[in-house]
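Annotated in Swiss-Prot:
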- 1-56: region 'Disordered' (REGION)
- 24-56: compositional bias 'Polar residues' (COMPBIAS)
- 58-86: motif 'Q motif' (MOTIF)
- ALA102, GLN103, THR104, GLY105, SER106, GLY107, LYS108, THR109: ATP binding site (BINDING)
- 289-438: domain 'Helicase C-terminal' (DOMAIN)
- 471-491: region 'Disordered' (REGION)
Amino acid sequence: MEEPTPEEEGGITIMSKSRKNPKTVVNIQSQKLDSDQNTPQFEKFTNPNPSSDTTSATNFEGLGLAEWAVETCKELGMRKPTPVQTHCVPKILAGRDVLGLAQTGSGKTAAFALPILHRLAEDPYGVFALVVTPTRELAFQLAEQFKALGSCLNLRCSVIVGGMDMLTQTMSLVSRPHIVITTPGRIKVLLENNPDVPPVFSRTKFLVLDEADRVLDVGFQDELRTIFQCLPKSRQTLLFSATMTSNLQALLEHSSNKAYFYEAYEGLKTVDTLTQQFIFEDKDAKELYLVHILSQMEDKGIRSAMIFVSTCRTCQRLSLMLDELEVENIAMHSLNSQSMRLSALSKFKSGKVPILLATDVASRGLDIPTVDLVINYDIPRDPRDYVHRVGRTARAGRGGLAVSIITETDVKLIHKIEEEVGKKMEPYNKKVITDSLEVTKVSKAKRVAMMKMLDNGFEDKVKDRRKLKRKTLADKGLLKKRGKRQKSTEN
């Protein structure tokens with residue numbers, strides 16, 4: 001296959017591979033790439049079993065961090081560095097570009113936040129670091145973690161995401177906060193529409209792509225190009241992700257000689273304390289058995305549950321249906337306002353609401369300490385997404401239950417998931433529901449929910465979102481490439 005050609009500036013490059021256009025390249029670093037080298041110019045450390053890593057530092061002092069940072073870690077209960085922190089923090093402090101691949105919950109955020117704050121304390125100015133993340137919720141969570149780790153620095157941190165007032169955000173950027181955490185779309189708009197914004201990043205020392213596999217998705221190419229054009233060539237680029245993708249693999253193949261790659265790969269594994277079960281039913285009975293599972297929460301000692309669905313429409317419909325059945329719940333999806341999404345997450349995390357319905361916006365990265373039950377109402381098409389979803393429960397050595405409601409069309413997906421995770425799902429101990437009153441009650445609640453969605457304009461929102469998405473894809477020349485995916489997407 002013909003080798004991809006780096007763009008003019010070279011450096012670490014990301015190739016967005018597709019069957020129709022294998023040479024689409026997104027440049028994410030401005031240092032020169034020596035394309036004549038046959039041997040990849042990077043240092044790589046592969047850690048196949050991070051849980052038994054004997055090279056991990058015994059304390060944070062050993063990573064080269066300042067005393068204040070070490071004390072802050074102790075105050076936050078961080079007694080010993082995780083493997084990804086042990087291997088990546090010293091390299092970042094040494095000025096290296098870093099790609100860190102490690103599982104969810106491995107401490108990736110602190111692995112880049114601590115060395116950034118260490119350097120900021122030595123030479124404080126704004127904007128010192130730009131952190132790009134795929135979702136609004138992750139952006140706010142990252143801001144909380146930066147503020148906690150930099151609590152003694154009088155840190156100024158700004159979150160720039162969609163769904164919030166752009167004038168206020170522009171003023172926040174012009175005030176030059178130390179750390180800017182953003183989603184790709186909103187920062188692109190501000191950079192292009194206000195000439196006062198690009199100079200803010202003229203001295204930025206660090207660029208971080210968190211959940212890099214998702215940020216580097218082909219749909220974000222234009223946003224990334226706009227971002228990179230305003231950043232200085234002397235910056236450090238840090239990428240952290242839970243999974244390897246073709247874009248990140250291309251990074252390994254086309255990297256600058258300064259890059260360090262840490263990979264903690266244990267395959268797509270689920271923890272031993274997680275019980276994985278399934279219910280096999282007709283498509284028309286999915287709502288009925290969802291309600292059946294939820295009705296058993298109290299008897300099973302389950303305090304909190306997350307229900308994952310594939311679309312915003314399904315998320316809203318199920319939430320309204322459960323409301324009608326007087327099952328306390330809250331929904332989080334991208335058609336909700338930002339304040340509603342943050343409120344939903346806060347209420348669920350605090351235990352005020354026991355059930356959270358969500359699209360995959362909540363499957364990765366979000367710090368939700370205790371979830372007893374995960375329900376896959378819709379089966380994800382990628383086994384990695386399944387692992388991220390069920391990884392919301394059975395954390396930190398605790399037990400957890402994951403139940404997947406599958407239909408005839410999901411069987412191949414389930415077999416693929418079982419093959420990838422190396423574990424068979426067990427049948428859920430369900431009763432056969434024959435009570436006509438129960439069936440009628442759920443059916444009526446479903447109809448009421450659908451009528452409410454028509455009456456309150458939610459269906460119009462879905463149609464408008466679909467039109468906007470198709471227009472965006474068409475403007476980027478991606479509509480034909482992603483046509484099949486578009487048909488199955490109701491966002």
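For all residues, glycine too, the Cβ spot is worked out from N, Cα and C.
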Six or more residues out from either end of the motif 'Q motif' (58-86), which same-chain residues have a Cβ under 8 Å from its Cβ atoms? 47, 50, 93, 100, 102, 106-108, 110-111, 114-115, 117-118, 121, 148-153, 262, 264
Return the count of C-beta atoms lying within 10 angstroms of the C-beta of GLY107 (ATP binding site), excluding that atom itself. 18
Summarise the motif 'Q motif' (58-86) as counts of helix, strand and coil residues per DSSP. 17 helix, 0 strand, 12 coil
Around the Cβ of GLN103 (ATP binding site), other Cβ atoms found within 10 Å total 21
Cβ within 8 Å of the ATP site centroid (ALA102, GLN103, THR104, GLY105, SER106, GLY107, LYS108, THR109 excluded): which residues? THR82, VAL84, ALA111, ALA242
Within 10 angstroms of the C-beta of ALA102 (ATP binding site), the count of other C-beta atoms across all shown chains comes to 26
Take the Cβ of LYS108 (ATP binding site) and count every other Cβ within 10 Å, whichever protein chain it belongs to. 25
